[in-house]
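Presented below is the structure to which this report refers.
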Amino acid sequence: MLKKYQLRSYNIRLVIALLITSGFGIIVINSANSAYTIRQCIGLAISLFLMAAVSFIDYNWILKYYWLIYIVNLAALLAVKLFGHESHGAKRWIKVPLIGQFQPSEFTKLLLILFTVKLLCMYKDKINDWRFLTILAILLAIPLAFILKQPNLSTTLLTFLILFTVIFCAGLSYKIIGIALLIIVPVVSGFMIYISNPDNKVFFIQDYQRTRIMAFLNSDANEYDDSNYQQEYAERAIGSGQLSGKGLNNDDPSSLKNAHYIAEAQNDFIFAVIGEELGFVGGCITILLLSWIVIECIIVAVKAKDFAGRLICCGVSAYIGFQTFINIGVVTRLLPNTGLPLPFFSYGLTSLFSLFISMGVVLNVSLQRKVERDDDIFADDFKG
């Protein structure tokens, strides 16, 4: 479980990137809605502790319990179905005493990365075998079906993209990818045409989800004004920030955030606050900081000591990269409204915990580039 690590091998660059990014996130949350600042600060402190603790746990030891990871994940998702708290027509949270609301689907991303990585390592020579891929697809489809049923289509699609990236990085054949695309593209196109008719019902697509998709495809139609409300004002807010923005915690009467036109300003639409108050410069800094974290994860993947470490880092980098792209795409109206938070910026303790625990695993992969197998952790660092 624990090994003899050299502390000088700790990935300080990645830690600095995380501290700067999450610190910037706290500042923006305070400006978006100061009522959430203290709680987010406490969550960040706990997250940093969790990251530090996980970073010294051998990831190969964690992978030994891959079936337990899978079962615990399924149990948590089932608990949401049975005992979950419903809000805005979705049942995605479990109420936990002293902690508040807990969203298991946030942890599903990391847990399924670990589960998938272990299976790919065990059957490395069968990655392009159709039977193996079919079994793997079924195993992954079960937890994804639970998430889809909550309903949470955006997290389902995001998790699928993350897992596909992991499998691709493991050596999935381009031939198989091509065959899959030949099937998926026509099916998705036909599906979009089918749901464009409000009389056509699909069991896994809720009415509000269909409306969001149609509102995105028909943004100028008056019938979808209510559905486009969030994105329209978010886009206006970003545009009004121009180059350098109106300033954090400003009292500008023209501010859309101050007038409460930006819904969920501290959550999914926090990038709109960044755009309005810090302008184009602030938006670019945000993207660069998140890109820095993704790049650091990729660097760790390239230098990882084994196949499992490389795949874990690829999965975590995809996790942060795809979620960032989707969130900013939604806020800027490049994508339909999904409800995914901006990593390290949006308010939300479950998301924060999941992200920092994931980074803890990446840090352990980085540490093991220069590790000696031994149970005496920190031994070298305390020798005279």
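Just so you know, glycine gets a Cβ as well, placed from its N, Cα and C.
For reference, TrEMBL has these:
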type	residues	note
TRANSMEM	12-29	transmembrane segment
TRANSMEM	41-59	transmembrane segment
TRANSMEM	65-84	transmembrane segment
TRANSMEM	130-148	transmembrane segment
TRANSMEM	154-172	transmembrane segment
TRANSMEM	179-196	transmembrane segment
TRANSMEM	278-299	transmembrane segment
TRANSMEM	311-332	transmembrane segment
TRANSMEM	344-363	transmembrane segment
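At the 8 Å Cβ cutoff, the transmembrane segment (41-59) and the transmembrane segment (344-363) share at least 3 close pairs (sequence separation 6 or more) and count as touching.
The list of residues near the transmembrane segment (344-363) in space but at least 6 beyond its ends in sequence, with Cβ under 8 angstroms from a Cβ of it, reads 10-11, 14-15, 18, 21-22, 24-25, 28-29, 32-33, 36, 39-40, 43-44, 46-48, 50-55, 57, 59, 62, 99-103, 106-107, 109-110, 113-114, 266-268, 270-271, 274, 286, 290, 293, 297, 300, 312-313, 316, 319-320, 327. Distant neighbours of the transmembrane segment (65-84): 91-94, 104-105, 107-108, 111-112, 114-115, 118-119, 139, 142-143, 146-147, 149-150; these residues of the same chain sit at least 6 beyond its ends, with a Cβ under 8 Å from one of its Cβ atoms. Between the transmembrane segment (311-332) and the transmembrane segment (154-172) there are at least 3 Cβ pairs closer than 8 Å, counting only pairs 6 or more residues apart in sequence, which means the two stretches are in contact.
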